[in-house]
Every structure is written in structure tokens, then in C-alpha cells.
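Asks: Okay, these came from TrEMBL:
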- B:565-583: compositional bias 'Low complexity' (COMPBIAS)
- B:15-528: domain 'Cytochrome oxidase subunit I profile' (DOMAIN)
- B:546-583: region 'Disordered' (REGION)
- B:32-52: transmembrane segment (TRANSMEM)
- B:72-101: transmembrane segment (TRANSMEM)
- B:113-135: transmembrane segment (TRANSMEM)
- B:160-186: transmembrane segment (TRANSMEM)
- B:198-225: transmembrane segment (TRANSMEM)
- B:245-269: transmembrane segment (TRANSMEM)
- B:281-305: transmembrane segment (TRANSMEM)
- B:317-339: transmembrane segment (TRANSMEM)
- B:391-411: transmembrane segment (TRANSMEM)
- B:423-445: transmembrane segment (TRANSMEM)
- B:465-486: transmembrane segment (TRANSMEM)
- B:619-640: transmembrane segment (TRANSMEM)
Amino acid sequence: MTRGRLWKRSLVVALLSLLPVIASGCAVIGGSPQSVNRPAGDSMRKIWDLFVPIFWLSVLVFVLVTAILLFALWRFRRRPGEDRRPEQLHGNTRLEIAWTMVPAIILAIIAVPTLSLMFELDRDPGPDALTVRVIGHQWWWEFQYPEYNVVTANELHVVVDRPVRLEMDSEDVIHSFWIPRLAGKRDVIPGWNNVLSFTPEEVGTFPGQCAEFCGIQHANMKFQVIVQTQEEFDAWIRQQQQPAAEVPADPLAARGRELFLTPANACIGCHAVAGTDAKGQVGPNLTHVGSRGIIAGGVLENTPENLAQWLRNPQAVKPGNKMVLPRQLTDEEIEALVAYLMSLQ
Amino acid sequence: MVESALKLERARYERSALVEWLTTVDHKKIGILYFWSSLAFLLIGGLLALLIRTQLIVPDNTFLGPQTYNEVFTMHGTIMIFLVVMPLNAAFFNFFVPLMIGARDVAFPRLNAFSYWAFLFGSLLLLSSFLFGAAPDGGWFGYANLTSSRLYSPGLNIDFWVMGLQVLGVATLASALNFFVTIVNMRAPGMSLMRMPVFVWMTLVTAVLILLAFPSLTVGLVMIMFDRYFGTNFFNPAAGGDPVIWQHLFWIFGHPEVYILILPPMGMISEILPTFSRKPLFGYTFVVFAGIVIAFLSFGVWAHHMFAVGLGPVPNAVFATTTMLIAIPTGVKIFNWLGTLWGGAIEMKTALLFAASFIAMFTIGGISGVMHASVPVDYWQTDSYFVVAHFHYVLFGGSLLAIMAAIYYWFPKMFGRMLDERLGKLHFWLTLIGFNLTFFPMHFLGVDGMPRRVFTYSADMGWDLWNLVASIGAYLLGASTLLLFVNMLTTLRKPADAPADPWDGRTLEWAIPSPPPAHNFDVVPVVRGRDAFWIEKYGAEEVVGPAPERHGAESGHNPHNPHNAGSGDEAGHGSSAGHGQSAHIHLPPPSWFPLTTAAGLTLMGAGMVVHATESLASLGFPIVGLGIAMVVVSLLGWTFEPIHEESHA
């Protein structure tokens, strides 16, 4: 086999081996609950609509460059034993001007919609918007609804087709707030009061997570955005506004309440339950923890089994997290605490 | 006669091989030291990459755990940038810039040795963190206030990172200064700026970039150090500081750094494509000025790393525009490389294959970079795997593929042996396939909303397939890199029989034997045009631009033949070797002081790390003091070292 044929054959093999990757890529992407190509909010929809034409322009540029490259390599290759010296061509000013202008024009085409959309995304959503304060903590999210006097963790409830205005601050280091299907990222910086606005356009649950490296459990700083109809949202708000302070009727849960409020057990040093002595501000507010779908910064679904697993050894579930128990809880204590926390609906 | 005189001259410095390497000030030996050190670090950085890909190969994997994973990805990035690509570029600067400009050494040979030793010791300080179980874990970008406050990063991890990078920064600055002066002052007669090989041009531009960009990193690192050690609050929001200041300081360094990593490889490509096409570089002037324009613009784009910070739409608009502008000179380069190949007589050697694949792969990285410049799109892509794909297409598909091409191209000159072409081509194809298999799927993961720097992901995210493919690609890439080492090590056991000019080269390094003698050129060459050696070989009809103005240029020069030389203008060379009187070539004497100065500097950094320990804190400042004393004594010795009356230093 001559060298030229070897070269051609290996090139074909290489290209063919890449094709399935690319082809299947186009078929298999988009299936994640965080896939941006299925936007469910105005912000991400506009971003995706901006991306698609840029993508095709890019494909065009790449195909052009690669086609010229491969053709030149094939057409002007030196065959074995061939010893020629081509004309010593130093350049061509017209060509240079042409290929300076072409990228400039392509970039101008990209720049115009880029800049206009950027200013559009930054526009204030108006007085109708739902305002939520977002506080980043290592490694969980706090959501405050000032107009309803509701505080929750890791679950952001918003209303479909109603603009939402997130005012964001961090309790410790820099985080970044990202719900891929609804909007782009906005960093959550201590001492800054960043704002992110968008309008959810689809009812459903959309996962998001921290996008700026923020320490050991950055990967597990997740949350969910629950987009509801106005009626569902109002019902949720009413439920969250209920005090959860009464002693539960279930004796097991009552025992759990007692354990929770005993200062020596340290729970109330970090956690708050409205209407009780638990006023800690370090960890998530647990007033309605039983109503939430996820716990521990989105690592676990909120089931009695998972809650028990968490209370048994939070450091095993999420190594490095800030929840440190003063002592190992007994199985009986865990059972009681789970009953109490689950009763906080 | 010439040879024996040279031997006599060198006999004064005959020492054991080890001492020879430790005290050398020869730019070629220092280049080789850089070469092997950074290749060793490439193996470490590559191994860390394989650990990352092994952790992510399946969802919910527990192979590494969060702390180890964070250390591994931090060190992978830090090593690949500061300990692999930059010093590999430096290896080629060292070995080839003096040869390509017809000089006998760099402007400051001992400073050059110091740069190498400070680089090596700084690297070892950084890597020693693994031995103490405290490898840096804040990312290569080390965002404050996570890194600046002991509240959020209590261990020694970040201290190793800060001190290691400070030592490396000194090494880099010294080296940049050296090459800047060398290129400005030490060119052979007739080598006007616009006759310099493009690799030399890109070295010069890179030196300027380093000189202007690294101080910003240094300042930032000093501020982190003060916040951590001395209770300042530069980045502490609770006391009125602002962590975003670090991001500005870091990216004012960090974006030019990208061009520090890619411009020298672009220079390599601009040497290799013409050689194997047997044509001059198409549009030399445009390629050179495109490089300069890229470098200039690179200082005005840093905030495109910070679009999601919330600086506001007006700053974002400015930085988006300047970022898009950079694509224009970059496109000009790509088209000129294509123009170089067009109409050539292309020889399909391994070096050419790597260089050609650079064009295609770098184009992918370049156009995904344009996507990021579109601010709204970047709100999605930043800190997602899309960005990981992008910069690996630039730094692997760009820098490293070009460096691979340069290794195959220049290995014969450095070691006098030709690398095996069959093994080389196998290495090339495995690399190209493994690279694309690893990094192309990361675009898909970016579309699927996978963020960067996560040690794990759950099975219900639907990210398993492309992570699996990427991991398989990474193993393939690892195996292909081993082939390069097999090739180099087996080649080094063969006899050194490479010809002086194996590729029909165009630049001056091919005019002298492989490997070159200690003094490089028997006679300083006189340069009559671009592609100086090609003109000497094939005649003057190729001469571009005016003939050299300096005297001694009228006769036909053959750099091979010392008796055929005019008395070239030796200003700036420190030696006067005209008329074949090689006995007068004085090589700078070896010196221990560069090594001891670098060791003292590193000791200062190590002392600061010790100071941050719990048990040995009281030893910290005494060690720093010892380091300072060592630096001072070494510098005194350096200053008063008896040097040859005509030494370069």
C-alpha cells in the first residue's frame, strides 16, 4: 500500500469513526431535565433562538475551513519520490483584505441581535413581578418571599406567565444561580445585590444548581423551581403562612419536637421553626420542611427514610456539609425527629 | 584546529555530567531541561485528567469523593497551564529562538538558568502539596473569597497554590524579560524585525504579554496572601472588601494568558506548514500583525469571563464587542495557513499532520469562543461543560497539537535523532480520534445543562452516555500520549545520525549540525531575507525586502562554511567571531548562583506555607529568613562572580 493510499484510507476511517458520535449526538442530546434546547421560560427561549443561527453560521465556517484544508492536503500532497519546489508565493493583499472583511461581516451579523437581546434581558420586569430574595449558602439555597412573609429552602415556587424578579445575595462565598431551562446564569455574590428576571412559560418542576465553584459540595448545591398556576401558588403561599408551632397530636412527633427544641441537641442553634424557640439562622428554615420535595440541598428526596438517613449521619450523605451533630442520635430519637419534621407541613 | 581550540576553551569548565546540567547557562541545555521537566509534568497532569474522567464515567460514582476531586481538577488545570504548556513553549523559546535569530545564546544566560530553576522548584513546591494531603482545591482560577478567607479554605491547600504560583511567576517574568531583550538586541546582521521567523515574532509578542499580564496575577496573589496571613480584607465583603476585585485582577492576567499559551504554538505552525509545503508563509506581514493585534486586544476582553457576574449590560456590551474583534485577526491567521498549504508540495510527515489538524481543531475552539462572546448565549454556556469543550479545543486542539507538531519537527535538531514516523502517525491518529471523542461530547453535555467542576451527577440527569464516551476518549488519548514517550525514548537509544537539515528547512537552525555545537554558529550568519536558510540553499531570487545594510553582506554566504563569512557586525553578541576564528568564541561560564537564588526564593515560599501550619508555625518565618539570606548571598555572588572578559552575561 502506498503512502498516499494509507493516508487517504486512515483519513476516511477517522472521519467515519467521528460521524456516529456527531450524528448520535444530535439524536441523543436534549433529554436531560436541564437541557437548554427545550426552554420553558422567555429568557432561555430567546437565548436559544439567538444561539441556533450562530450555531449554523459556525458550522458553515468550520465546514468551509475544513473543506479547504482537506482539499489542499489532498490536491497538493507530495507523492513518494517526488521532489518539486513550488512557486515561492508570498501572499496576496486582495485575498487578505477579503478574509479580513468576511469574518468582520459575520461578527457584525452576530453582534446586533446579541447586544439587543442582552439589554432586553436586563430590563426591569415591572411592578407586576413576583419578587423573591435568593440567598446562597454553602451548599443550599434560601428563598424569601418578602410580600408574603414566607421563607423556604431549595424550592422556588413561581407563577406561570408572571414575571419573577430574583434579588440575590450570598451568605458566604460566590455562587451562581442557574435554572437551565428557564434562564441564564447570574452570580450570587456576597455584598452584591444581583437581580435576575425572567418569565416562566410552562407549568412544571425544573431542576437547577449552583454554577460557580463554591467549595467541597458545589456539585450538590441543587434546587428546584416549581412553576405553578396562580391558584396553586396562592394555595401554597397560604399553607406556608400557617404557623407550624402547635405540639403535634402524634406522641412520636411530640417527642421529636421536644428533642428538636432541647438546646443541648443543638438543632435550634442553626434551624428556625416559626412560632417556637428555634430561631437559628445558619441552616435552612424548617417551618414547613414536611411540605418540601427535596432536602439537603437537593441531594435527597424528602421521604421519611431519606430524612432518617440524613439524621443518622449527614456527613456520610454529603461529606463536608455544614451540618454537624453534637452526638450520634439513637434510632429511637431519629424516628421521633423524622415524625416531627414530617409533621411540619 | 578550530575544534581543538574549542575543546581547550571548554575544558576549563569540564565537570561531571550532573554538575554540568546543574550549572549550565547554555540556552540549548536549559531548553532541554524545560522540555523534559514539562513533559514529566504532562504525565502528571494527564494522569489527573484520567482520574477526573474515571470519577465521572458513571453517575453517582464514589471513586474519588468531593475533596479529592476538587484537588484533582484544580491541579489538572494549574499543572497543564503553568507546568506544561507554558514551559513547553519556553523549551522551544530557549532552544530555538537564539538559533533562529543567529545568536550564540540569550541576552542573560544566567538569568535564563535562574528562570528554569525557579520554574522547577516552584513546580515542586506546588506538587509537594500532594505529599501533605493538601493539594490546592480552589480551582486554577482560585476565586476569592473562597480562597482568600481561612474561614472557607482552612487547610494549607490554597497556601501551596499561592506560594507555588508566586515562585512560578518570578520565573516567568525573568524569562520573558530575557527573551524580549534577546530578540530585540541579539539578532544576526541582516535579521531585521520583518525578516524574523514568525515563531520568533510570536515569542517576542508573548514576552510582552507576560511582562504586562503577570504583574496583575502577582498583585492578586499578594492580596490573597495578605488576606490569609495578615488579616487584611481586600476580598472580605463583611469588612467592605469585594471578592469580584480578584476576578478582575485574575482575568486581566488570565485572558492574555490564553494568548501566552496559544501564540507561540501559532508561531510553531507558521514554521512547520511552510517547511512541509516548501512554500513561504502566506501573508507573513498579515500573520505577524494579526498576532500583535490579538495580543493588544487580549488586554481589553477580560470581563468576558465575567458576563454572569452582573457588571451590567454596558460593560458587558463593550467586552462582547472587543471579544468578537479578536476573532478577525484569528480568522486572518487561519486563512493564511490555508493559503500556505495551497499550491505547496506538501509532505505528509507526522509534524505536518499535527500542524494541519491544529487548523481544524483550533477553528472549532475559535468559533465556540465567538458563541461565548454573544453575552446572552454565554449566560447559558459559561461554567457549563460547553466551556470545558471550548477551551480544550483551544488549549489541546490548539496549543498541544501544535506543540506535538513542534516536537516531531524539532526533535532531530534538539537530540540529533529522527523520531519514528510510523509510530508518529499512529500517535497522531490516536490523538486526533481520542481528543475528539473526549471533548466533542462535552458540547452536548453543555446543551444538556451540566455545570463544570461537579464531582458527581445523579443518574436521572441523563448525562451518563456522553460522560462515558468522553471518559473512553480520555483513556484513548492517554494511551496515545504514551506512544509519544515510547517513540522518544526508543529514538534516544539509537545513534545520533540526524542530518543538519532533515526537512529541507527554511530557517537558520537547520543551517547548523543536529544537535548544534555549544557555540551554535561557527560564524555568525548574515541574513539576506526572510527564510534565511532557504535563500542560502536555493538562491537569491527569493530575497524579499532590502539587502542587509550592514557591511560584509555582499559576498555569498553559506552558513555551513566558516571561511566564507564576512566580518559580520557583532554588536550585542559579546564575542567577535569573524573570519572563522572560532577560538575567540567565548561561552558564558557555568554558574551555581542561578540555582541557589531560585532555591532561596522557593524556600521563602515554603516558609510561608510552614507558617500556616498548626504545629510548625514558629518555624515559618525563620525559614523565610533563611530563604531571603540565600537569595541575597546568591545575588551578591552572582554580581561578583568572575566572568570571562567577553562573556555574554
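Cβ coordinates come from backbone N, Cα and C, glycine included.
All TrEMBL annotations are machine predictions without curation.
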Asks: Give the nonlocal contacts of the transmembrane segment (B:391-411) in its own chain as ranges (CB under 8 Å, at least six residues past its ends).
Replies: 80-81, 85, 88-89, 92, 95-96, 258, 261-262, 265-266, 268-269, 271-272, 275, 349-355, 357-358, 361-362, 364-366, 368-369, 417-419, 424, 427-428, 431, 435, 438-439, 442, 484, 488, 491, 503, 509
Asks: Using a Cβ-Cβ cut-off of under 8 Å, list the residues of the same chain that are 6+ residues beyond the ends of the transmembrane segment (B:113-135) and lie near it.
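Replies: Hits for the transmembrane segment (B:113-135): 23-25, 30, 33-34, 37, 41, 44, 71-72, 74-75, 78-79, 82-83, 87, 90, 94, 155-157, 160-161, 163-168, 170-172, 174-175, 178, 591, 593-595, 597-599, 601-602, 605-606, 609.
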Asks: Average the per-residue pLDDT over the domain 'Cytochrome oxidase subunit I profile' (B:15-528) and send me the rounded value.
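Replies: Value for the domain 'Cytochrome oxidase subunit I profile' (B:15-528), mean pLDDT as a whole number: 96.
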Asks: Cβ under 8 Å to the transmembrane segment (B:465-486), counting only same-chain residues 6 or more beyond its ends: which ones?
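Replies: Residues 39, 42-43, 46-47, 49-50, 53-54, 56-59, 404, 407, 423, 426-427, 430-431, 433-439, 441-442, 444-445, 448, 457 contact the transmembrane segment (B:465-486) from elsewhere in the chain.
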Asks: Mark yes when the transmembrane segment (B:32-52) and the transmembrane segment (B:245-269) have three or more Cβ pairs under 8 Å (sequence separation 6 or more) and no when they do not.
Replies: no
Asks: Same chain only, please: residues at least 6 beyond the ends of the transmembrane segment (B:281-305) with a C-beta under 8 Å from a C-beta of the stretch. Say none if there are none.
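Replies: Counting only partners 6 or more residues beyond its ends, the transmembrane segment (B:281-305) has Cβ contacts under 8 Å with 194, 198, 201-202, 205-206, 208-209, 212-213, 247-248, 251-252, 254-256, 258-259, 263, 266-267, 270, 273-274, 311, 315-316, 319-320, 322-323, 325-326, 329-330, 332-333, 336-340, 342, 372-373, 378, 382, 530.
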